[in-house]
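Chemist: Quick one: this structure, given as structure tokens, is what I'll be asking you about.
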Ligand SMILES: *[C@@H]1O[C@H](CO)[C@@H](O)[C@H](O)[C@H]1NC(C)=O
Ligand SMILES: *[C@@H]1O[C@H](CO)[C@@H](O)[C@H](O)[C@H]1NC(C)=O
């Protein structure tokens, strides 16, 4: 017992220490990939200063950050070439430890009546699959038809603004987007419009749609933007996600004949994915939606292109300050994700010819 407490304390200490360190050196490196999480903590307000390039000279922490970015960029290979051998290696690694095709979403096959669903971010919480819950699950995996020829995974980073990548994104066979991003109002040229899978972070349901406890029409109407895409809800990650995700599910079922089809992401898959990336050196409290979707795409598609992934406050090429997201500058919660190391991992995959990471403007 004593040993356990000492171990717990040291883990807590190390975790808080590394979080403070990251927070200090990478104050702007938060959920650019993930969309607004909306933790409006006043401690985040130093983000605005962090994105001011003039600060780079004065502040040693900022200079370290900019050296870090320079190093990343220096390693970014511009002449990208697909490496089938490396793709096979990563695919079979991911396939054997995570198996997105059968497990990424909760289905009647992987979660029969009477089994327990264990929450991935809340290990003490389980949900028994009752016949009523079971009836909400799709009969089989929506990914049975994979692999698709090409996937575009669209992150929400400020780098997507003025990228002109819309056409290229829409030319992919399968398009994955994160956290209900806006696609109209002038964004279309940069974001494209086609969507096959879109995630919804419960925080946006809580804030923008008042947890769906009141009128739900605007939610149902807004969501038609994504056509008949899959709407992926992390219903079984944190215990507070479940009720609001079920309300989203019922709202769509009850009020719209067409439109997105809600599915629940499978905590067993998310847990195995966290394990996969932990073994690759990413030690975060929780993976960002961006890297989850990039990993999913790696299993589902023969060619993976990432857009809008750049978790830093200045543009890699023109050094102009970037907003947190392509659609707003809302600061986000930096404390749960390890964005710089996630980004490094994706950059590594780019350099190995496994995925293509688009940083500059699209020319088409
Ligand atoms: C599910 O969890 C409940 C409560 O902890 C437990 O009693 C039951 O045996 C579990 N069922 C299975 C199939 O593991
Ligand atoms: C995009 O380009 C327009 C026109 O050049 C400019 O006014 C705007 O600030 C740019 N937006 C971003 C986020 O860089």
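Cβ atoms are placed via backbone N, Cα and C, with glycine included.
No curator has checked TrEMBL annotations; they are predicted automatically.
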Chemist: From the ranges 35-60, 61-86, grab the one TrEMBL calls region 'Disordered'.
Modeler: 35-60
Chemist: What range among 5-26, 93-114 does TrEMBL describe as transmembrane segment?
Modeler: 5-26
Chemist: Which residue, of the disulfide-bonded residues 151, 301, has its CB surrounded by the fewest other CB atoms within 10 A?
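Modeler: So among 151, 301, the disulfide-bonded residues given, the one with the fewest Cβ atoms within 10 Å is 301.
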